[in-house]
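Enquirer: Input: one structure, supplied below.
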Amino acid sequence: MAKRTQAILLLLLAISLIMSSSHVDGGGIAIYWGQNGNEGTLTQTCSTRKYSYVNIAFLNKFGNGQTPQINLAGHCNPAAGGCTIVSNGIRSCQIQGIKVMLSLGGGIGSYTLASQADAKNVADYLWNNFLGGKSSSRPLGDAVLDGIDFDIEHGSTLYWDDLARYLSAYSKQGKKVYLTAAPQCPFPDRYLGTALNTGLFDYVWVQFYNNPPCQYSSGNINNIINSWNRWTTSINAGKIFLGLPAAPEAAGSGYVPPDVLISRILPEIKKSPKYGGVMLWSKFYDDKNGYSSSILDSVLFLHSEECMTVL
């Protein structure tokens, strides 16, 4: 009996070690939160333990002398100071090891960079109001975010590389400032191509949707795999993520059924050493469709087949 118990314990230890090493080398899920008041709080989002990265969306007014403005849809009213409570959610996420970024831009808004000096002004604003600096008017309260996400979809195509350099330089003052980006899948991205060439970005979640030449369509994975390979071999970034809509209605096109992602696409993209996981738009649609729950284990582990072999 004792030998059998010992054998079972050794088997469980072996499984644990394999799963743990696979997870370390594997990926995670990034989610966009903030654009629907019915998607739950930031604290609730992170308490699901499904996400490794959360992008707060969006700071969609800034640059060219404008007073910066954050838009969190139905969650809170920043103009009345009603979003400072979000600091509680930020800290709750960070305690669990989840990185939280502020996302700049989005599909709708008034944002641009007019010059290198303008980029410096925006960087200073972000540092003082959301990162490690000091300001009496921090829109999300006193919590210090982990970094800044670039989701630039219109406006100027210039000076985003300067903004990245200025923000990255703040890492020298203590806590690292993570830089992330959500370019469109056509390569190179019109707005962020130059910025990504700086090599300063830690995580790049490419949007493989709303762009038929580089997305999944009707059973055909060739376009999305070819585009993935182009991105992973062409830019110098820490990790690259497969950006997808979390439900069919979350995007105009490019939705990938979970079974297709798990059986056909993930095995291909995991071959890249730059594989970081999957990005989903957005928390609201993920709640409706349960997408992250369907794919989580497959995203996390690089070598799930090894666990099956041991079992």
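Counting begins at 1 with the first residue displayed.
Backbone N, Cα and C atoms are what each Cβ position is placed from, and that goes for glycine too.
This is the feature table in Swiss-Prot:
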- 1-26: signal peptide (SIGNAL)
- 27-302: domain 'GH18' (DOMAIN)
- C46-C93: disulfide bond (DISULFID)
- C76-C83: disulfide bond (DISULFID)
- E153: active site, proton donor (ACT_SITE)
- C185-C214: disulfide bond (DISULFID)
Enquirer: Averaged across the domain 'GH18' (27-302), what pLDDT does the model get? Just tell me the whole number, please.
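Expert: Averaged over the domain 'GH18' (27-302), the predicted model reaches a pLDDT of 98.
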Enquirer: Compute the C-alpha separation of C214 (disulfide bond) from C46 (disulfide bond), stating it in Å without decimals.
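Expert: Per the Cα atoms, C214 (disulfide bond) and C46 (disulfide bond) stand 31 Å apart.
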Enquirer: So, three-state DSSP: helix, strand or coil for E153 (active site, proton donor)?
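Expert: DSSP call for E153 (active site, proton donor): coil, neither helix nor strand.
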Enquirer: Any idea what the Cα distance is from C76 (disulfide bond) over to the residue listed as 'active site, proton donor', rounded to a whole Å?
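Expert: Spelling it out, the Cα of C76 (disulfide bond) and the Cα of the residue listed as 'active site, proton donor' are 24 Å apart.
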Enquirer: Could you state the CA-to-CA distance between the residue listed as 'active site, proton donor' and C83 (disulfide bond) to the nearest Å?
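Expert: The separation of the Cα atoms works out to 25 Å.
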Enquirer: Could you state the CA-to-CA distance between C185 (disulfide bond) and C46 (disulfide bond) to the nearest Å?
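Expert: The separation of the Cα atoms works out to 27 Å.
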